[in-house]
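Student: Below is one structure. I have some questions about it.
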Amino acid sequence: MAFWKPGTEKPRFEEDGEGGIVFMSNNLASSSSSSYGYANIEKQRQRLPVYKYRTEILYLVENHATTIIVGETGSGKTTQIPQYLKEAGWAEGGRVIACTQPRRLAVQAVSARVAEEMGVNLGEEVGYTIRFEDHTTSGVTSVKFLTDGVLIREMMEDPLLTKYSVIMIDEAHERSISTDILLGLLKKIQRRRPELRLIISSATIEAKTMSNFFNSSKKRHAPEGSTPGPKLEPAILSVEGRGFSVKIHYVEEPVSDYIRSVVSTILLINEREPPGDVLVFLTGQEDIETAIKLLEEEAHSNQKNSSGLLPLPLYSGLSRSEQELIFTPTPRGKRKVILSTNIAETSLTLEGVVYVIDSGFSKQKFYNPISDIESLVVAPISKASARQRSGRAGRVRPGKCYRLYTEDYFLNQMPGEGIPEMQRSNLVSTVIQLKALGIDNILGFDWPAPPSSEAMIRALEVLYSLQILDDDAKLTSPTGFQVAELPLDPMISKMILASSELGCSHEIITIAAVLSVQSVWIIARGVQKEQDEAKLRFAAAEGDHVTFLNVYKGFLESKKPTQWCYKNFLNYQSMKKVVEIRDQLKRIARRLGITLKSCDGDMEAVRKAVTAGFFANACRLEPHSNGVYKTIRGSEEVYIHPSSVLFRVNPKWVVYQSIVSTERQYMRNVVTINPSWLTEVAPHFYQNRQNAMSF
């Protein structure tokens, strides 16, 4: 594998970054790595590129209902703008400044940094809220960080978000479903609350497109004699300057194995380049663990090229202590190699990174409304993501980005922007969120990127089958309203409601809590046999959901839970989180009038409750096949994932929670069922398919 080298004929150098080669700041002498880490916090803040725009930002927010800020990676917009707003008085009189992020890890990291800069305890003046975790103090917290989804749920209690004076939607370019819903809802709220200020912030978003979206609002007519409100036309501000130049290297030929290419590039950097940490973008936990294992093998066989390397994973399922390793200073004589998902593209500032390796791929959700399968697939990234990734280098000195794809591919084949999640996802949760907020005409909702009518119709059909919507596509009472109240996937919520009638709500709420964390299992390198043996200690013949009950029971009964988790390859932090989530769900269930009862070991009741929620995900084993299943809807070919306790068991009928696509479509979290339950729990859904099934 060869790269174009700086100073040779290729790659091209372009000031505007279209080829992604060099990014220059306005004043390269404004920051130095030697003084940056030792300066006090106030001087650090003043050195950030966004600081010289402080007055302009506050003027625009004062005079415009919506301000769109395009700030390059590392400009400081995420941490500084909320502080500027507070300093300017936008949090006086009990008002709150909100800043949303698409990811939970970013919410936690950014809020901690802002609290540190303001010299306050996290959870008091500065706080954060993510699903199942609220670190705010009512009447005290004035700067609040939260996910887009949490802010949407707050609208169920306060439709006009009256406590907020300014809402900043950060990293809007990610275009998650929650971000797009939030943008549409905030546009509606502004018509009723002209005093509400919105800031749309991103590193790459097309500002004019977003401006046109907010500029298309229906004109408000102020009462005669009233004080004129802010201008409706959005203001656009570009915050330039990131610190240091970044040179881009492309491979000369396409690579056949991007994980091995990543490892060889890490070793190349370690052998030839001056000190500086490396940030690697891979697709997910499995890729990251594989790359780390290859690096460790290289360390044993070739110590010269790999000496001093300190590989660290970064993905959303890590414990807090593992996350903190990412942000700690690199030990003397070491080079941190942070192997990350696209979580490191936005918001998280990783000081010390000088080199970036971009695999060119990420995991993305894609939904097929015909087969009704939503898959997590490895897909090429967009130019916008590529620029975000390269922008992570060059924060402490001139940096380099190694792209594991050709320059021709970047310039002529890579798409400019990614497809918004709204246009490639299952919309069941989206529909119920909007219905719960009183929006009946969903097809007429003002979307930044309209979803497909096929996906919307399919979502309405599933919700009708779940008895969440009635014949008029309105929330049913009480089922629909109860499901909307639970902060869970609607299928998991329906599973909980069914458990109340089946007398197994304690068990199903436990399962729901486990499904709400990334994973309770730890994927350790080089000990696959020991891991498999540990999982077998809890394995239940009925499937993964019942296995989760065994894991939870063992955790509660363990006298030394930390050591017990270590011995059984379980994530202690995840298990603690399961206990917390379970307690919260029990409180919500009581408030909703759901009867809490244990089935005392009746696993048929548990499996039936799971089926009541996930009946649309039923599959049947193909006769005389080697583990091939066919979905009842769409007749898609699927397989049980190797991580399931039912792998190689191949029961005749199952339901699954989700599908992950690699070379095959694999079912995750699988449980055995009796096929007769399908028409019992979902007669509307299966009445037209009954003849096609051999019950």
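Numbers run from 1 along the shown chain.
The backbone N, Cα and C atoms fix where each Cβ goes, glycine too.
Here Swiss-Prot flags G71, E72, T73, G74, S75, G76, K77, T78 as ATP binding site. Taken from Swiss-Prot, the feature domain 'Helicase ATP-binding' applies to 58-223, supported by sequence analysis. The domain 'Helicase C-terminal' feature in Swiss-Prot is assigned to 261-438. Marked as motif 'DEAH box' by Swiss-Prot on the basis of sequence analysis: 170-173.
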Student: I need to check the long-range neighbours of the motif 'DEAH box' (170-173): which residues 6 or more away from its ends have a CB within less than 8 Å of a CB in the stretch?
Tutor: 77-78, 99-102, 106, 179, 183, 200-205, 210, 346-347, 384
Student: Using a Cβ cut-off under 8 Å and a sequence separation of 6 or more, which residues in the same chain sit near G71 (ATP binding site)?
Tutor: P49, V50, K77, S201, S202, A203, S238, V239
Student: DSSP on G74 (ATP binding site), three-state: which is it?
Tutor: coil
Student: So what pLDDT does the motif 'DEAH box' (170-173) average out to?
Tutor: 86
Student: Test of understanding: give the count of other CB atoms lying within 10 angstroms of the CB of T73 (ATP binding site).
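Tutor: So the number of other Cβ atoms within 10 Å of T73 (ATP binding site) is 24.
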Student: Report the DSSP secondary-structure composition of the motif 'DEAH box' (170-173) as helix, strand and coil residue counts.
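Tutor: Residue counts for the motif 'DEAH box' (170-173) by secondary structure: 2 helix, 0 strand, 2 coil.
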